[in-house]
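As given in Swiss-Prot:
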REGION    1-63  region 'Disordered'
REPEAT    121-157  repeat 'PPR 1'
REPEAT    158-192  repeat 'PPR 2'
REPEAT    193-223  repeat 'PPR 3'
REPEAT    229-263  repeat 'PPR 4'
REPEAT    264-298  repeat 'PPR 5'
REPEAT    299-333  repeat 'PPR 6'
REPEAT    334-368  repeat 'PPR 7'
REPEAT    369-403  repeat 'PPR 8'
REPEAT    404-438  repeat 'PPR 9'
Amino acid sequence: MGKVPSSFRSMPANLLVRKTTPSPPAPPRDFRNRTAVGGDSAKLPQNTQAPREPSLRNPFKSPNLSDAKSLFNSIAATSRIPLDLKFHNSVLQSYGSIAVVNDTVKLFQHILKSQPNFRPGRSTFLILLSHACRAPDSSISNVHRVLNLMVNNGLEPDQVTTDIAVRSLCETGRVDEAKDLMKELTEKHSPPDTYTYNFLLKHLCKCKDLHVVYEFVDEMRDDFDVKPDLVSFTILIDNVCNSKNLREAMYLVSKLGNAGFKPDCFLYNTIMKGFCTLSKGSEAVGVYKKMKEEGVEPDQITYNTLIFGLSKAGRVEEARMYLKTMVDAGYEPDTATYTSLMNGMCRKGESLGALSLLEEMEARGCAPNDCTYNTLLHGLCKARLMDKGMELYEMMKSSGVKLESNGYATLVRSLVKSGKVAEAYEVFDYAVDSKSLSDASAYSTLETTLKWLKKAKEQGLVP
């Protein structure tokens, strides 16, 4: 033997090392007494990733502990090079990827006993900790067991330890255990950094009621002086906006000043998007005006969101006014801007106006996409402008533009109702050949429409 297996030699020694981050400033007011009207996300900076299984072939053929000890003893006895920390970490990670937590810990203890020169490092215990948190057979007692081993070997759990444990538990759906462990580690050892705190907060928002999230925020602040930052507030506001609880969102915004923070453009855009989704154009405009009053400069996303919301609410003239404001502010309208406006115009029956907007869009060098064409196709067919609709369809077909379900269904129904069944079959063929829709979906729409036509003829509703 004599050679260390390549899969052991390939594992990096500093797999889990990362820089710590200072805690956030400024406390918010008490959340505890707030109750949510709705039920239960802001992007977070990427943080430490817990260790993954080795990419090369695992030298351990079986999870059997005796076999693992024998393999390790054989390598240790015949190796011509010193076995360093990297090697021992690789052994534990490779074996841990196929074994239960209890056996992995026992192999670690065997290595300690049989190798007097082995001094486990922090990365060693983080490998064991990650395995204890991720293993499907593991309980929280195994996590505590690894943490106790760490302390007994002279290494206090730090922010990296908390980060690895919390992320690993959350990624396996054990959010309650992650929450309890964070509080325990904060009390006994070290508070989490902002990234870990916000990571857990985001997961709590995804799977817990809002009052549970507020209780966690209050406990961490009151008991451990760990306070939410602007990212934390953005996570909370994004969560309540997604649950359509916009009153709570505005409440949280009103408390940002008390917490020493100033809302940024991203946060205002999040709230505006919530109002626009509910077709509350006036409230969306109110958010825009508040931004301006607070000295927060709107960006392209702000204008696109506002134009989308106003168009959806049928307030097309206002949407066009903000299109001009957007250009005056130095932002070039993009495909999303024009498509939103076209959709609003088609909803109001202004399909020809939407079609002229397509020409304006292309004249400005902005390329329409599949959604743009399908929006116009749907609008023209709904307005019974079949000549224009077929002209647009032929242009789409020659350019290889795919049909979307709404545009396809409206076109097929309009053709059948106009007595142009052969043309409807041709549209069906294109939808299938271009893989715009599945065969079943495309045929279902055509079949339903033809059944309607047959019934209408029987009742004398159509010639």
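Counting begins at 1 with the first residue displayed.
The backbone N, Cα and C atoms fix where each Cβ goes, glycine too.
Residues of the repeat 'PPR 3' (193-223) grouped by DSSP class, helix first, strand second and coil last, total 28 helix, 0 strand, 3 coil. Taking DSSP states H, G and I as helix and E and B as strand, the repeat 'PPR 1' (121-157) has 26 helix, 0 strand, 11 coil. Each residue in the repeat 'PPR 6' (299-333) gets a DSSP state, and the totals come to 26 helix, 0 strand, 9 coil. For the repeat 'PPR 4' (229-263), the partner stretch with the most Cβ pairs below 8 Å, chosen from 121-157, 193-223, 334-368, is 193-223. Taken through DSSP, the repeat 'PPR 5' (264-298) splits into 26 helix, 0 strand, 9 coil.
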